[in-house]
Each structure stands twice: as C-alpha cells, then as structure tokens.
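Copied over from Swiss-Prot, here are the features:
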type     : residues : note
CROSSLNK : 47       : ubiquitin cross-link
CROSSLNK : 76       : ubiquitin cross-link
CROSSLNK : 81       : ubiquitin cross-link
CROSSLNK : 95       : ubiquitin cross-link
CROSSLNK : 106      : ubiquitin cross-link
CROSSLNK : 115      : ubiquitin cross-link
CROSSLNK : 171      : ubiquitin cross-link
CROSSLNK : 177      : ubiquitin cross-link
TRANSMEM : 15-37    : transmembrane segment
C-alpha cells in the first residue's frame, strides 16, 4: 500500500487539481444548462400532476413544434410578394406567442423554429383553416394586404398557424401541399 505522503503528494499535483476543477466546472455548467433550458426530468419540476396532464393534452404527444404559413394560390402573387406576406404572418405569430405563451415559444425555438409554407386554393379554404385552428386553440395570424402593389387592398393573403405542437397543427393543415 502506498504511503500516506505519496498519496498526498499525488493529490496536490497541479494536473490532478486541474482535472478536479475541470470536472466540477463541467458538472456545474451542465446543471445550469439543464435548468436554463427546462430539460429536468418531470419528477424534479415543480408542476403538479394536473398541470402536467392538461399540458400534455394541449401540446400533444410528439414534443415537436412548428409554424405553418398557408398561402392563397388563387392570387398568383409573385415570389417576392409571397415572401413579404409570409414574413408578416411569421412576425405576427411570433409576437402573439411571445405575449401569450412564452414557454411554448421557447420549446419551438429549441426545436429549431421550423416553418413550413403550404398552399390553399382560395379564400374560403383559408377562412375554414382559420376557424379550425382557432377551435383547437392554436395561435393564428391572418394577413391582409394593403393593396399598394400586386393585389387588391384588403385581400387576405397568408394565414400563419402556430408556433404550436406539430401533431395538432397537422390536424388542420396536414392535407395541404407544399408551396
């Protein structure tokens, strides 16, 4: 068995101390990130059982979030116009979710902020999708054009749905084709 002084000399060596400090810092950083990004196991959070149940029923089971932008195809907007209208819808949806549900916004951002653009054949379809999304409690943003360039003033151009649970949004827009 090594002598007590040899063990103490080994423990006092600078590289051993550096290793111990590095491991401790890594553990603290990992714990801080888990707390900051809400990645603690459910049993360690302060939510009650009923809060967790209602959240699961609202958010769905997949744990994935996305935003869908539905573009009216009958207006025959140019690519730049579509990009501008989709941007308006995305910013509007972001502002709403930031105010109403910052925790869901954080989850959507953690998922990489996925956005998908799909097309709807006409205004009636857009309005029906709006009603369905509202019924499911999803965030919606309907954009009306000012009419300064390509299309008539007040035309409803793009519907933003989400950010929200992907499986819930798919119930509204899953049948639509990509733009």
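Cβ coordinates are placed from backbone N, Cα and C, and glycine is handled just like the others.
Sequence features annotated in Swiss-Prot and their locations in the structure.
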residue: 76; record: ubiquitin cross-link; Cβ neighbours (10 Å): 9
residue: 81; record: ubiquitin cross-link; Cβ neighbours (10 Å): 17
residue: 95; record: ubiquitin cross-link; Cβ neighbours (10 Å): 12
residue: 106; record: ubiquitin cross-link; Cβ neighbours (10 Å): 15
residue: 115; record: ubiquitin cross-link; Cβ neighbours (10 Å): 17
residue: 171; record: ubiquitin cross-link; Cβ neighbours (10 Å): 14
residue: 177; record: ubiquitin cross-link; Cβ neighbours (10 Å): 9
Between the C-alpha atoms of residue 177 (ubiquitin cross-link) and residue 171 (ubiquitin cross-link), the distance in angstrom, to the nearest integer, is 14
In three-state DSSP terms, residue 76 (ubiquitin cross-link) is classed as coil
